[in-house]
Amino acid sequence: MRKKIVAGNWKMNKTLQEGIELAKDLNEKLTADKPNCGVVICTPFIHLASVAGMIDESIMSLGAENCADKEKGAYTGEVSAEMVKSTGAKYVILGHSERRAYYGETAEILKEKVNLALANDLKVIFCIGEVLEEREAGKQNEVVKAQIEGSLFDLTAEQYSNIILAYEPVWAIGTGKTATAEQAEEMHAFIREVIEEKFGKAAAEDTTILYGGSCKPSNAKELFAKPNVDGGLIGGAALKADDFKGIIDAWK
Ligand SMILES: O=C[C@H](O)COP(=O)(O)O
């Protein structure tokens, strides 16, 4: 049975103090009213060690938003998968469209990152999704399939079992324009077919596929009701404990 997950991606928001406050607030709210799904908060690197010490791991897990494509050494400013793991984080987001678009992360680079993350026992939330022009040209399936093939198809079945996918249509990220539940379902079902072709039916059935892109308390229930949507990767609405909990509660 695949896992339902709501994951927050704080992106480049929150000072250390603000982040600690947010994690504390969320931890309290979820302790008082337990979630019906897995909860992950992915924070900037600087928050990881502090937040790791203050969350109840039986309720939520911690993740990073990125890691380096190199193991260690003279790579000024980079943070390795091993360093992420040493903070207590269990997850890492890789392949986010913002990393692909603004930091030139190619399928090859992402392949290195995925390998290093898995080698350090991190679970990977791997993001895929098309831009508006690609959707308008009807190329969304082709684009998403190529993203999956390009970075994940060399994994062994064992490695693949630690991958969570997040479909994030780029045109819906931070725009207030959510994909309809039908559009999300259609793509998630297609993604499952792509996974089945390579890793088999059981692996495809077991893959958690999250939807991301302007997901909020008001639309989460409708999205999560779709059979192939297993939760969300949340940006803006993860920055307030009440909003994030509102989305988590969509599973109730
Ligand atoms: O990683 C999260 C996504 O990019 C979604 O962001 P958003 O909820 O602000 O649209």
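Cβ coordinates are placed from backbone N, Cα and C, and glycine is handled just like the others.
Owing to the predicted nature of the structure, the values given are computational and were not obtained by experimental measurement.
Among the candidates Ser50, Ser151, Ser214, the residue that TrEMBL annotates alongside Asn9, Trp10, Lys11, Gly174, Gly235, Gly236 as binding substrate is Ser214. Cα to Cα, Lys11 (substrate binding site) and His96 (active site, electrophile) are separated by 10 Å. Comparing local CB density within 10 A for the recorded positions Lys11, His96, the maximum falls on His96.
The subset of recorded positions (Trp10, Glu168, Ser214) lying with their Cα within 10 Å of the Cα of His96 (active site, electrophile) consists of Glu168, given in sequence order.
Of the recorded residues, Trp10 (substrate binding site) and Glu168 (active site, proton acceptor) place their C-alpha atoms 15 Å from one another.
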